[in-house]
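Per TrEMBL, the features are:
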DOMAIN    44-502  domain 'Amino acid permease/ SLC12A'
TRANSMEM  45-66  transmembrane segment
TRANSMEM  72-92  transmembrane segment
TRANSMEM  126-148  transmembrane segment
TRANSMEM  154-171  transmembrane segment
TRANSMEM  180-200  transmembrane segment
TRANSMEM  276-297  transmembrane segment
TRANSMEM  369-391  transmembrane segment
TRANSMEM  403-426  transmembrane segment
TRANSMEM  446-471  transmembrane segment
TRANSMEM  477-497  transmembrane segment
Amino acid sequence: MSSEGKLEHQEKVSDNVVESYTDSEANVPVYTGSTLHRTMKNRHIAMISIGGVIGTGLFLGTAGSLATGGPVGLLLGYVVVGTICYSVMVSLGEMISYLPIPGGHITMAERFVDPAWSFTLGWNYWYNWTIILPAELSAAAVLIGFWNDSVNDAAWITIFLVIVIVINMLGARAYGEAEFVFASIKVFTITGLIILGIVLDLGGGPNHDRIGFRYWKNPGPFAQFGGIAGSKGRFLAWWNVMTQAAFSFIGTEIVAIAGGEAKNPRRNIPKAIKRVYVRILLFYIGGVTIIGLLVPYTEPDLNLKASNAAKSPFVIAIKTAGIKGLPSVINAALLTSAWSAASSDLYSSSRALYGLALNGNAPKIFTRVSSWGLPYIAVSTNAAFGLLAYMAVSNGAGRVFTWFANMTAVAGLMSWFGIAVTYIRFHKGMKAQGMDRNALPYKAPFQPFLAWYAAISCVVICFFSGFAVFINHEWDTATFVTNYLPFILFPILYVGARIWRRSGLIAPEDMDFKSGLAEVEAASYDEPPPRNWVEKVWGWLM
């Protein structure tokens, strides 16, 4: 490529003069200074979106959900939360495809709702991803216990935390490459587990035991929550699955945060968003169905609160089938999932903090980036919160994982609520300014009804998330705090921010749909068509 064909210019962002260089692949300007670089390719974005769907929530967190909900309660819970997740993602996808800018939906909230909403959504999102980091590190320690539970959890947590920090400190490109590898392992693992599960259920295992729907009949399709008999106990068992299911799905929106560092975002972001529903159906609904068929909800090893041994339902099923050696292989694959998830957590929390600082909602020091586009101050600060995982040393890794999972799930649902509200305002603003949604890079179906459905559902689930502490006189302070702290903090933050900033809702006619659009359009280009069937298959997969 000749130098004459390259784009070279300077652009002023805030008070910083930001140099612009050329991406050799497509004449796309790449920015330095206090901005991120667009260094993630299509395959990175595709795998990040997949990796956000598949994690320890599915591989490990489903243990507690199966034990409390039963196989049908587990399945129904994941189906309901899956529809909410889809509604949020298509709403987010429409906004981010139009404006894939740093800060993602946090920046969008300031443009389309009001600065106080951006402040609240940003800090809630930061809290969500900051808290989930120690949860994933605890999950990794739980999985290690499958092989050796005599070594102190602190040793494993330290190793995992160092690996996660190193990956993130190498920058977005290194994170994208690592996530590509990790997510590939996840995809092969869950696909293989679903196929193996079908074989085992039909009697293809070493013991030739044809399970079928045996465990749906005995001990039954639903657990009886808290020993409560009848339909009430079954309903509560199903409802109790909701929060854990939310923890499993939280992370799908990470592709929006990555939008500010994606190459050709107007092509790659919509492509990743459109396939979310396929992944939800295949990986989650397929996965929990197999779990419910192969493992009875009365299985003692489903108890995550025990301090020893791994409790992945998949590993339990394979071990019960008598397949030698494979449980260790699968557990190792699940361990890489925990690494991947923890790496994504640190990436997301650091970019959320960067977005907050960029909008003036956090100290400006967090906008500092290295010469290769790494917000190193934000990454270092968020990495420090990984030390909370050392709580597992005194309380047990499984118990700590459950605590952090509950806190993350509720904070994540409130983030989804915030995204849905932001989209409702975005939709209203487009209509008020006479903009044609058909001209958008991605137009979400059934809007704004899906956004309203997601917003209302998230609030209802959060409100009743900690209902267990009010039943049968089983009060537990830790459960109450972990379920309701994020739910209570969200409105407090919003009201406080509105008073402090003296802000109000932005009128639909005044919403900013233009700032940053020039850079996005400059970063968009037509990719060459596939030259052979191999490239066609790769393009379909990625």
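Residue numbering: from 1, along the chain as shown.
Glycine too: its Cβ is placed from the backbone N, Cα and C atoms.
Within the same chain, residues 62, 65-66, 104-105, 216, 221-223, 234, 237-242, 244-246, 248-249, 252-253, 256, 273, 276-277, 280-281, 284-285, 288-289, 291-292, 297, 416, 419-420, 423, 444-445, 447, 450-451, 453-454, 457-458, 461 sit at least 6 positions outside the transmembrane segment (72-92) and bring their C-beta atoms closer than 8 Å to a C-beta of that stretch. Within its own chain, the transmembrane segment (403-426) is flanked in space by residues 57, 61, 84-85, 87-88, 91-92, 94-95, 105, 108-109, 112-113, 117, 120-121, 124-125, 127-128, 131-132, 134-135, 138, 243-244, 246-247, 249-251, 253, 388, 447-448, 451-452, 454-455, 458-459, 461-462, 465, 478-479, 482-487, 490, 505-506, 508, 511, which lie at least six positions past its ends and keep a Cβ under 8 Å from the stretch. Same-chain residues lying 6 or more positions outside the transmembrane segment (477-497) and placing a CB less than 8 Å from one of its CB atoms are 115-117, 119-120, 123-124, 127-128, 243, 403-404, 406-407, 410-411, 414, 418, 462-463, 465-466, 468-469, 503. Panel annotation: around the transmembrane segment (276-297), residues 49-50, 53-54, 58, 62, 65-72, 74-75, 78-79, 82, 85-86, 89-90, 93, 190, 193-194, 197-198, 200-201, 211-213, 215-216, 218-219, 223, 248-249, 252, 313-314, 316-317, 320-321 of the same chain, lying at least six beyond its termini, place a Cβ under 8 Å from a Cβ of the stretch.
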